[in-house]
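Annotation comment: TrEMBL describes A:C86 as active site, nucleophile. As annotated by TrEMBL, active site applies to A:H194, A:E196.
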Amino acid sequence: MRAAVVVFPGSNCDRDMAVALRAAGADVQMVWHKDADLPADIDLVAVPGGFSFGDYLRCGAIAAQSPICKAVVAHAQRGGYVLGVCNGFQVLTETGLLPGALMRNSNLKFICKDVDLVVKTTDSAFTSAHTVGDMVRYPVAHHDGNYSIDSDGLARITGDDRIAFSYAQNPNGSVADIAGVLSENRRVLGMMPHPERAVDAGHGGTDGQALFRGLLDQLVSA
Amino acid sequence: MKARVYVMLKNGVLDPQGEAVRHALGTLGFDGVQGVRQGKVIELDLADGTTEDAIAQMCEKLLANTVIESYRIEVQ
């Protein structure tokens, strides 16, 4: 599998993402926000966590207008896979690839801790290595992770089985405890918790390995 | 020409920051503050003749996230 990790000014989980993808067996290239094109034959684009453009205006808003994001949107529209984590999730909602928006945490605090998540669907390459109801523990580190979507949108993503992960204990006020959402074609996943920071015993946990392994298995066999 | 854009969370979207400000005002002894909504004011210095339609496009594409925010344009 060939993966590209996008780097914005202010990204800080880009290398962690590359390490996690490589550990799972992916061929990874880093791409700069000013690049107008992705490398050829990319299967997956990962949009990493961080504070792109200093979170100016709104988290992810400026990054979503960058040249590389136009290429990422085109990649997704061609049926390519995209994973957005934390700030990457915020960027994907700002591009319109994923529904809803991420608002300030309901307790107004920056939350940095490990959280337990429930796997809500296995009908995606990202969660195919799981069973529905599996619990995984990933770190969260965000100030704006409070997922918001209107009631029609919530009914739509719930009815279409597009909630990938939910929080066992809601840390940030997200609607319906939502931690991760899939696109309509199930090939774009955005999530606030960090699977790439839970892939090595040195991280304190390896629950994130299943996501990357499942992705590799699905995309290599595809 | 100058224009001012007011960006606010839509009605019905909970505003945790506004709620914290309301609470702080109560702590300071200002009774009767029943609600606070916090937003942004963006001042634009524009070439003469920029249409309100063009400013609306700026709001739609960047200045506001219309999933959760509404905007109002004031041309000065």
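Note: Cβ is positioned from N, Cα and C throughout, glycine not excepted.
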Rounded to a whole number, how many Å is the Cα of the residue listed as 'active site, nucleophile' away from the Cα of A:H194 (active site)?
-> 7
Counting only residues 6+ apart in the same chain, whose Cβ is under 8 Å from the Cβ of A:H194 (active site)?
-> A:C13, A:D16, A:G49, A:V85, A:C86, A:Y138, A:P139, A:V140, A:A141, A:G208
In sequence order, what residues of the same chain, 6+ apart, have a Cβ less than 8 Å from the Cβ of A:E196 (active site)?
-> A:C13, A:D16, A:M17, A:V19, A:A20, A:L21, A:P48, A:V85, A:G208, A:F212
What number of additional C-beta atoms lies within 10 angstroms of the C-beta atom of the residue listed as 'active site, nucleophile'?
-> 30
